[in-house]
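**Student:** I have a structure here, written as structure tokens, and I will follow up with some questions on it.
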Amino acid sequence: MYNGERLLHDAAVEGNVPLLLRLLEEDRLALHRVASGSLNETPLHVAAMLGHLEFVEEILTRNPEMARELDFRRSSPLHLAAAKGHTEVVKLLLLTNPKMSLSRDWEGRCPIHLAVIRGHTEVLKELIQYEALEYLVETMGDDNEFMNTEDDDGSTILHLAAADQQVEVVKLLLTKSQIKRNVVNHQGSTSLDLALARGCGNGKDVKIQQLLKREGAIQATGITSSRRSASIALNESNEPPQDNSQPEKRKKIRKKGWLEQKRSALMVVASLIATMAYQAGINPPANIWPGKSEIVTTKNSREHLRVDSFAFIICNSASFYASLSIILLLISGLPLRWRFFMCLLMVVVCVAVVSVMLAYENALRILSVASDLTDRNMRYSFIWIFLIGIIFIGHTVRLVVKMARRNRRRIKRQRGNYSPSQEPILV
């Protein structure tokens, strides 16, 4: 802090206008420097908080932009003047910059909230009726939003006045038609709830409760019950008539859900198969290249290894390309909304699964030296192929039956559209 800042701060504390004028004669930019200096609050903050009207007026005359400065609590000079109840200072600050009536401090409170909490009725009147209201009317169209401004807890000025037992403030607010009596804050309380909760038998709480009830204020439980009753009545009155097409709509919804489930399942399965096939393709069994095998010694063994290696490559490639085809169809954006296409994709998945199994069996035969282990795995493979074959045949038969039924219905519709009256009349 340089010496000029300290002297300006001392002058603001004392409200010493002659000292302010002398400092400004020595340095015309002193107020501009202090606004961007190291102090947490400007001389205007100090003077507004202490109610030095002439000092505030002199600063605003020379630097009206200082009314917009915020301290470390994000409070403007208007916040401090409203909190301390300095009505004339509030008037002057509003006249200079009415927009600051909307400014919020670090707790989310506007100057009107602070005036309500401290019970400064005259300040509250100024904030409601002065040029702050005119500014809000120009920007918002009415003063509804201003009168019902909420802080970070969702509490309006009526909440705060009722909670702090400010009888005069509550009486003043209830004379305004724009005030909403039954706003519920984030804690689920109305202004009447807060007045009842703060009741301590000193007379103020009873007076506030009477004022609120007289103006139609109710508790949050009453609001919830009335809303529930209104919702039930609205649902009963707006109940749509019975529609004969409801079964058809439900059928379409079920079909759409079935298709979405199948699409998701097919995408997951195809992605897993493609990953396995890719890994097996770039990291094949060690003995897949007969020329580099150290285990194979006889010509017959080399011939079997060559056949198994070729079968492994074919089966692994088939599973890889089948799964990629499924993924491509699913992400292509084609309208695969018919069960026919889904059944076809499931058949392709069966082919991919069988190919993965055969590739696995061939890999075991390439790596295995013990023939009994290979024979045992071959038996398991036959059982697995048999099960997959049953599933494959079942889907194929189902697909053929559906196609036959669809063709039969199409033929019936075509015959139904044919009318004998359409035949040419022979004379």
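Glycine is treated like the rest: Cβ placed from N, Cα and C.
Annotations in TrEMBL come from automatic prediction, not curation.
This is the feature table in TrEMBL:
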type: COMPBIAS; residues: 229-245; note: compositional bias 'Polar residues'
type: DOMAIN; residues: 257-361; note: domain 'PGG'
type: REGION; residues: 229-255; note: region 'Disordered'
type: REPEAT; residues: 39-71; note: repeat 'ANK'
type: REPEAT; residues: 73-105; note: repeat 'ANK'
type: REPEAT; residues: 107-132; note: repeat 'ANK'
type: REPEAT; residues: 153-174; note: repeat 'ANK'
type: TRANSMEM; residues: 264-282; note: transmembrane segment
type: TRANSMEM; residues: 310-331; note: transmembrane segment
type: TRANSMEM; residues: 338-360; note: transmembrane segment
type: TRANSMEM; residues: 380-401; note: transmembrane segment
**Student:** To the transmembrane segment (380-401), which of 264-282, 310-331, 338-360 is linked by the most Cβ pairs under 8 Å?
**Tutor:** 338-360
**Student:** Who are the chain neighbours of the repeat 'ANK' (153-174) in space, where the CB to CB distance is under 8 Å and they lie at least 6 residues beyond its ends?
**Tutor:** 108, 112-113, 116-117, 119, 121, 124-125, 147, 180-181, 183-187, 189-192, 194-195, 197-198, 202, 204-205, 207-208, 211-212, 215
**Student:** For the transmembrane segment (310-331), give me same-chain residues lying six or more residues beyond its boundaries with a C-beta closer than 8 angstroms to one of its C-beta atoms, as numbers and ranges.
**Tutor:** 263, 266-267, 269-271, 273-274, 276-278, 280-281, 284-285, 288, 345, 348-349, 351-353, 355-356, 358-359, 362-363, 366
**Student:** Grab the pLDDT values for the repeat 'ANK' (73-105) and give me their mean, rounded.
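**Tutor:** Overall, the repeat 'ANK' (73-105) comes to a mean pLDDT of 88.
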**Student:** DSSP helix, strand and coil counts for the repeat 'ANK' (39-71)?
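**Tutor:** Across the repeat 'ANK' (39-71), DSSP assigns the residues as follows: 23 helix, 0 strand, 10 coil.
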**Student:** Take the transmembrane segment (338-360) and find every residue of the same chain, 6 or more past its ends, with a Cβ under 8 Å from one of its Cβ atoms.
**Tutor:** 255, 259, 262-263, 266, 269-270, 273, 276-277, 280, 311-312, 315-316, 318-319, 322-323, 325-326, 329-330, 381, 384-385, 388, 391-392, 395-396, 398-399, 402-403
**Student:** Per DSSP, what is the residue count of the repeat 'ANK' (153-174) in each of helix, strand and coil?
**Tutor:** 15 helix, 0 strand, 7 coil
